[in-house]
Amino acid sequence: MDDNNALENTIEERKGFFSKKVAIFLYGLLLVLLSVIPFFNLDGLSSFLLYVFAYCFGVYTYLILVLLALLGLYLIVARKLPKLKLNFAYLGFIFLILYACIVSSYKIPGLTIADFPHMFNDAVSSISSNLKLNSVLDIGELSGGFLGYMFGSIFVTGLGEIGTLIFCILFLLIGSVLIIRRPIIALCVFLRDLSSKRKAKRTSKEEVIHEETIQSKVETSVDTTPSPILKTGVLFSDSSNLTSGVKIEQVEPSKTRTGLFHSEEQEEFKMSTSAPVSPFFKEYQLSKNRIENDKEKEESLKVNEEKAEMKKEDAINLDRAISPFASSTPLIREEDSRKEETEEKEKEKETIETEEKEEEIIQEEKQEEIKPEVKDMSFASKQPSPLSSSTLQASDEAIRPTKKEKPSPVNAVTKPFVFKKYPFPSISLLDDVNDYGKLAINQQAAQDKVDVINGVFYKLGIGAHVYDYTIGPSVTRFNIDREPGVKISEITNQDVLSECQVDLCGDMSVRIEGVVQGQKYAGIEVGNPSPMTVSFKEAFAEVMKSDDKLTFPLGKNISNKIITASLNDMPHLLIAGTTGSGKSVFVHSILMSLIMRNYPDELKLILIDPKKVEFVHYLNIPHLYCPISDSVVDSVAILKKLCAEMERRYTILSRYSLTKLQSYHKLCKERPELENLPFIVCVIDEFADLMGQDPKNVESYTQRLAQKARAAGIYLIIATQRPTVKVITGTIKSNIPARVSLYLPSGVDSRTILDEIGAETLLGHGDLLARIPALKSIVRLQSAFVTDEDMSRVVSYLKQQCAPQFNPEFLNFETSNEEGGEGGDDSAHRSSGFDDELYPDIKRFVIENHVASTSFLQRKFSIGYSRAASLLDALEEDGVIRTVGANNRKEVVATSDDDIDID
């Protein structure tokens, strides 16, 4: 019976064991499936699981899935649960999890405990719809997921952004130390044992060496002990026969007089000559050493004499005590004693010779170092005395000849101004934008518009429907999926556009995009009822990630991604937009990005502001190349001088066999003596005003700059409200491929800028279409919004760092205003150049030199552009010169004074 019961118990135990293993296996299989299913492209369960993981963990979704898969594989293979023992390692993992959650979300603008649920819901809504993610790549928008938002809001609210960062670093350090605590302790123990073993080996070696040295000293003392001197000069070789009552004094051979003097004097001489001191200090030091050595000689001689007398007395006593045995002792060490005496004499001679050599060396050094001009000769004749080092140095400086510095001349050439390297303006100077709550409104409106658009397709009999939608800052794009056999032209038909506008209550912002870049769907863009603002702070944070300092933000696209561009890639930019479209704000975002990332010696700005109010914020900033121009005449002169500067830069580049300014900057780092050539960005706010008053010259100079200025580091940014064909000519447009269009009143203006319609459907307030060569297609963006407070804070910070340094070559156009009067155009106040007092001189000069040009007259007579142009017009009316060729070149007709009366 007992055997049967035992058998039944073992069977039940095995059944329980196998059932437990099977359960663990199933748990592992379930974890593996949960971690693998989200990677499959299934519309149902996989998308829902991915949504759940992204909701909870955000950017760490894939890391969590991999960890779950590893845990499941462990359970499948091991068939047992991992042993969990509470120790410091698990506490370290907790600290690292806190660090990961906080660091992924603490930099979100405006994150607080009160607002984090709304903010997180807005973030989830922007990347998902119907519990499904729009794109796997959008998971990064959720930061650390719900956990990250929660922990980040708690710490940011309680400690602030800086305090949260400090705690993140502490969590990272503490967690890492706790996890690797045991390896660190093991390493420390290993190093301690290793050092103790080395110390033990070292001490054992030292003990062995010490014992060997003691033994060798004992042996040498027995062998080299001098025997007592007898009356007859005979020495005993065996000391065992000596009487015990007699005391024998021994002298170690290492402490002889010559050995002491020679070694110590030589060491002191080395010490005294090693340091670079004055010759008087050397003489004093050596004289002091000689005195001390002489004293030691006398003392050692006295001691040796006393010891010699003691030895003689002892030897006499010994002679009396052992006289019976004297005849039997051999003469063993008499010759040794004589050798010692001769060696002592030789050492004394060597020491005397070394002293003489030292004196000769000192005399030679004194003759080399002491200059012929000596202010106080009595000091040199005095015997050196033991003085302090400070007085000796002072005396050494007194005898050295002093160089009289020549006073700098009054008209000496000063060094070029060098800008100091100051910290760039912080991003904290910029404001945040709070648009929370608008996303929920736009989400609800998008759901309603899906039914309207599907109804239009059904009404027109087109086999298409809205697949999903993406909510952007200003518009929502509805992705249209076509049935097989439906052409894109049926969706982009004008009937579809008109029906959508009518069914959406006359919404004129509807725009149809036949091909959406990066997707297989067509797109219908409809304006949001509550447009969301893109803060310049957010856009500038993205700009700072680029190494190119000429990068600026274009705006945020429909996928809520900041798009940036660089002037190096454009290289010029044409901007158009009516009043209220956001054109000026877009220009300000470009300027702010440039001055916040470049030093004044790296970037210069030329600002042309015919309206006189657009660039008032940038008055006297250190980045200005010349004063802000608000006169058309001065602006034309600036463009002409800029062309001359471009040609001058090309001459410099050709001198060093370079093709672009970036290569010249690299050369300047190797050769700092070269001229600094910063990048120049010329911004023209209202180009139509310039073209309206002087279209021929403005178009000519603009064309030259657009064609050639890129390699010279000169860039143009042209903005206008009226993009007509007369303002933006075909020549200008062909040389400026990068164009940005904000809201325009008609499709004709849109074609002038973008070569296609679409700008007339924009919403204004920063809603723009950009045709940039690097983007390969037209992109709809919402530009960053720069507030007046942002500009004021940044500009005031820059003004505190340094003052502006204008280029003198670009200041000559100011004289035209002074000569012409307050109006700024001297041609309006002077009927002609005949009344000018310089006209006779210039007329004679032109006839004699046979040269006539505005720039030539400006240089030779130091006059302004307008005055020189008026004088040339007078010479042409007088028949001295004439205009030839398409480029308006001036040719001198008169060949002598007889042809035309100069008076």
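Backbone N, Cα and C define each Cβ position, glycine as well.
According to TrEMBL, the transmembrane segment annotation covers 22-42 (among others).
Among the features that TrEMBL reports, transmembrane segment is placed at 48-76 (among others).
Taken from TrEMBL, the feature transmembrane segment applies to 88-108 (among others).
Long-range Cβ contacts of the transmembrane segment (146-174) within its own chain (Cβ-Cβ under 8 Å, at least 6 residues beyond either end) map to 55-58, 92, 95-96, 98-108, 111-113, 115-116, 119-120. Summarising the annotation, TrEMBL assigns transmembrane segment to 146-174 (among others).
The feature region 'Disordered' is assigned by TrEMBL to 320-408 (among others).
The feature compositional bias 'Basic and acidic residues' is assigned by TrEMBL to 332-354 (among others).
What TrEMBL lists as compositional bias 'Basic and acidic residues' is 363-376 (among others).
Residues annotated as compositional bias 'Polar residues' in TrEMBL: 380-394.
Taken from TrEMBL, the feature compositional bias 'Basic and acidic residues' covers 397-407 (among others).
What TrEMBL records for Gly577, Thr578, Thr579, Gly580, Ser581, Gly582, Lys583, Ser584 is ATP binding site. When other Cβ atoms within 10 Å of the Cβ of Ser581 (ATP binding site) are tallied across all protein chains shown, the result is 26. Ser581 (ATP binding site) carries neither a helix nor a strand DSSP state and counts as coil.
Residues annotated as region 'Disordered' in TrEMBL: 814-833 (among others).
Per TrEMBL, the feature compositional bias 'Acidic residues' maps to 816-825.
Considering only the binding-site residues Gly577, Gly580, Gly582, the Cβ with the fewest other Cβ atoms within 10 Å is that of Gly580. Neighbour counts of Cβ atoms within 10 Å were compared for the binding-site residues Thr578, Thr579, Lys583, Ser584, and the top value is held by Lys583. Within its own chain, the transmembrane segment (48-76) has Cβ neighbours under 8 Å at 24-25, 27-39, 82, 100, 104-105, 124, 128, 131-133, 136, 139-140, 142-148, counting only residues six or more beyond its boundaries. Shown in sequence order, Gln721, Leu742, Tyr743, Gly764 are the same-chain residues outside Gly577, Thr578, Thr579, Gly580, Ser581, Gly582, Lys583, Ser584 whose Cβ sits within 8 Å of the Cβ centre of the ATP site.
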